[in-house]
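Here's the structure we're looking at; comments come further down.
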């Protein structure tokens, strides 16, 4: 009987102890609902980015008619956005370092609000262009600070997925702008750009600042309070806080970062990866193909309306799939898959236009061209669209993050401008040659990823940055 009683007690006690241990472990991790909420607030900036980028396409005919603009004058209105984004990229790192990640999002929102209101009330080309320039500046700051903020608040097991939502919201906003722009007037469409900034500005009152930025500024109590809010009131943050603080202390012993010091041997690898991935993303042809999708379909003999709708829907679905896979499959495998698909898509398009130019199997041209563009955008959306921003937000140490991030973002926007500006000239030179050129660049991008880009999945920012910059 005694043996039986001891056995029963042992059988009862063991599961209870195990359950208590499980609860302690679960409590130490906390619930990431606040991280989700902070991410939702931040990606309203990403949605604003997409609203700015998608505005000029559906409004082109109406604005040209109302202001009697030539194609060149409207092209200035459309492209001046990119110049504003370049200025925003140059200043984004300094602003985010000086007034914080939340402060930078407020500044960006203010420029976007002012820009949209100028566009809405404009009665001439000057306020129209100034408004577009202002929204471009805000977009440039958002393109840097949103992925940085998300990466700095997210736990390592969620960082990739949450940071990828930045790209998902951009593509969703562009698609929405394309759709409702066919229904609303250009002035009313400008007012819709105020909605995401309003949600963002309101939400910023309810979320904490980046703990890593607070630690860097020496605000120890605020740092610990912000980290506790993000991880949950019952979570044990001591180990994570100590790791962040130790790394910040080590970095503070280094000299203040200057532009030339980015190319010091200590940081050269992370800077090469960050800038290199931006070059791979933009010089592979995305903005030329994205901006002129309709004309590509028309040139191939396919319906631009059907093609554009299919393009937008596919982009949203595949970007969402990429967000779900990034923390499971990893960054590098998705980049390699994406790069391979980009080469395949460009090859299909090149073959289609080669057949068209040489009048061989002309009936197959529309199907080949559509297949090529769909493979291209699907491949871009699953990896090359979002992951360069994810990796950039992960690899730069806090002491050079502002400067290095600004340089990488500026590189991205310069590539976006150069690609969109040269696309029509290249197509006039050779339609199939253009896609062969993009295929070759994407082959080089694959080689760069294989040789230079590390896998960043499942590591804390401090572990990752110490390994890359050792």
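Including glycine, each Cβ sits where the backbone N, Cα and C put it.
Listed in TrEMBL for this protein:
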- 33-56: transmembrane segment (TRANSMEM)
- 34-457: domain 'Major facilitator superfamily (MFS) profile' (DOMAIN)
- 76-96: transmembrane segment (TRANSMEM)
- 103-122: transmembrane segment (TRANSMEM)
- 134-153: transmembrane segment (TRANSMEM)
- 165-183: transmembrane segment (TRANSMEM)
- 189-207: transmembrane segment (TRANSMEM)
- 267-300: transmembrane segment (TRANSMEM)
- 306-326: transmembrane segment (TRANSMEM)
- 333-355: transmembrane segment (TRANSMEM)
- 367-391: transmembrane segment (TRANSMEM)
- 403-423: transmembrane segment (TRANSMEM)
- 435-453: transmembrane segment (TRANSMEM)
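When Cβ-Cβ distances below 8 Å are used as the criterion, the transmembrane segment (134-153) is approached by residues 35, 38-39, 42-43, 45-46, 48-49, 52-53, 55, 80-89, 91-93, 95-96, 101-102, 104-105, 107-112, 114-116, 118-119, 159, 162-163, 165-166, 193, 208, 210-213, 230, 389-390, 392-394, 401, 405-406, 409, 412-413, 461 of the same chain, each at least six residues removed from its ends. Residues of the same chain lying 6 or more positions beyond the ends of the transmembrane segment (76-96) and with a Cβ under 8 Å from any Cβ of it are 52-53, 56, 60, 63, 69, 103-104, 107-108, 111, 125, 128-129, 132-145, 148, 213, 401-406, 409-410, 412-414, 416-417, 420-421.
With a threshold of 8 Å between CB atoms, the same-chain residues lying at least 6 positions outside the transmembrane segment (367-391) that come near it are 143, 147, 151, 159-160, 163-164, 166-168, 171, 273-274, 277-278, 280-281, 284-286, 289-290, 293, 296-297, 299-302, 307, 310-311, 314-315, 318-319, 321-323, 325-326, 331, 334-342, 344-353, 355, 412, 435, 445, 453, 456. Listed by sequence, the residues of this chain that lie at least six past the ends of the transmembrane segment (103-122) yet keep a Cβ under 8 A from its Cβ atoms are 42, 45, 48, 52, 88, 92, 95-96, 128, 130-139, 141-142, 144-146, 149, 187, 190-191, 193-194, 197, 200-201, 204. Summarising model confidence by region, the domain 'Major facilitator superfamily (MFS) profile' (34-457) averages a pLDDT of 88.
Counting Cβ pairs under 8 Å that are 6 or more residues apart, the transmembrane segment (267-300) and the transmembrane segment (165-183) reach fewer than 3 and are not in contact. Under 8 Å from some Cβ of the transmembrane segment (306-326) lie the Cβ atoms of residues 160-161, 164-165, 167-168, 171-172, 174-175, 178-179, 293-294, 297, 334, 370, 373-374, 377-378, 381-383, 385-387, 390, 457, all in the same chain and six or more residues away from its ends.
Taking residue pairs at least 6 apart in sequence, the transmembrane segment (189-207) and the transmembrane segment (435-453) share fewer than three C-beta contacts under 8 angstroms. Long-range neighbours of the transmembrane segment (403-423) within the same chain, counting only residues 6 or more positions beyond its ends whose Cβ lies under 8 Å from a Cβ of the stretch, are 79, 82-83, 85-86, 89-94, 96, 140, 143-144, 148, 257-259, 262, 267, 270-271, 274-275, 278-279, 281-283, 285-289, 291-292, 388, 392-393, 396, 434.
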